[in-house]
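Visitor: Sequence annotations record features per position, and here TrEMBL assigns active site, proton donor/acceptor to A:Asp155. Under the heading active site, proton acceptor, TrEMBL lists A:His259. Annotated domain 'Endonuclease/exonuclease/phosphatase' per TrEMBL: A:6-259, in sequence order. According to TrEMBL, the feature site 'Transition state stabilizer' maps to A:Asn157. TrEMBL lists A:His259 with the feature site 'Interaction with DNA substrate'.
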Amino acid sequence: MPLRLATWNINSVRLRIGLVAKLVDEHAPDVLCLQETKCADDHFPLNDIRKLGYAHVAIHGQKGYHGVATFSRFPFVTTAKERWADKDDARHLATTFAAGPLEGVTLHNFYVPAGGDEPDPTINPKFAHKLQFVRELHQWSERIAETDARIMVGDLNIAPDPSDVWSHKQLLRVVSHTPVETEGLDAMRLAGRWVDAVRAHVPHPEKLYSWWSYRAADWEASDRGRRLDHVWASEDVAARSTGVEILKAARGWDRPSDHVPVIVTFG
DNA sequence: ATGGTCGCTAAGCGA
């Protein structure tokens, strides 16, 4: 029985709980990771989540900003809510499956800082913070490089390759696709022996996006997207991934998130 | 050309 794992930057879980239900109704993920829930833990709509069939939940939120949540039809234990880049932001949640097809696998759910607009860490503290976060992800990846049975998903806020953006040239100085970010993410992936489970099924140079700006007059016509949302795995787990879907249609749902769900199936 | 739109929480910030 395969397992379907979805990751989605929902941009407010309370505003879009109906879209979460729509995703579950139409695509039936067994495991669902959300980012940017923007909701303190005591206000999280957990009853709705349980009604959707997720008996196992882990939430790590804060009021108004950031926030990550992991739901599963299979049992897990929460193993970490780490502190990153010298801030108490709710940007990481680790869970380890106790049963089911991914028993023993640790799932890391991340929301990497966006980094502001100015791609210069000396004048933009938000960009400096993002780069520090990526450096810490690199160091963490090095520490766990020899371990198996791991997945990391989430909004990494970096589109690493030219085929992950609508225009490589026009985005080279735009935060999310600057060389210091894309090289930093590549170095982290190599240091951790991570496999990009999405690109394993849709190789470069096919264009692939998971985010389209709210500011476009017509997001679909202009199609100026970026692939900011990722599913990576250690080699043993990646070898079990059998397919991927990026739900572009979700960008056209009523009052959508600017990100769409990414679903990877594991056999 | 240097915007444009969202969501939070109540004018401005973060994305």
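Any Cβ shown, glycine's included, is placed from N, Cα and C.
Computed from a predicted structure; not experimentally measured.
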Visitor: Rounded to the nearest angstrom, how far is the Cα of A:Asp155 (active site, proton donor/acceptor) from the Cα of the residue listed as 'active site, proton acceptor'?
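Guide: Roughly 9 Å, rounded to the nearest whole number.
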Visitor: Under DSSP, is the residue listed as 'active site, proton acceptor' helix, strand or coil?
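Guide: Once the DSSP labels are grouped into three classes, the residue listed as 'active site, proton acceptor' ends up as strand.
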Visitor: Using Cβ atoms only, which residues of the same chain lie under 8 Å from A:Asn157 (site 'Transition state stabilizer') while being at least 6 residues apart in sequence?
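Guide: Same-chain residues close to A:Asn157 (site 'Transition state stabilizer') (Cβ under 8 Å, separated by 6 or more) are A:Val112, A:Pro113, A:Ala114, A:Gly115, A:Lys130, A:Ser176, A:Leu228.
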Visitor: Within its own chain, what residues at least 6 apart in sequence put their Cβ under 8 Å from the Cβ of the residue listed as 'active site, proton donor/acceptor', listed in sequence order?
Guide: A:Thr7, A:Asn9, A:Gln35, A:Glu36, A:Phe110, A:Tyr111, A:Val112, A:Leu228, A:Asp229, A:His259
Visitor: Once the chains shown are all counted, how many other Cβ atoms turn up within 10 Å of the Cβ of A:His259 (active site, proton acceptor)?
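Guide: Other Cβ atoms found within 10 Å: 23.
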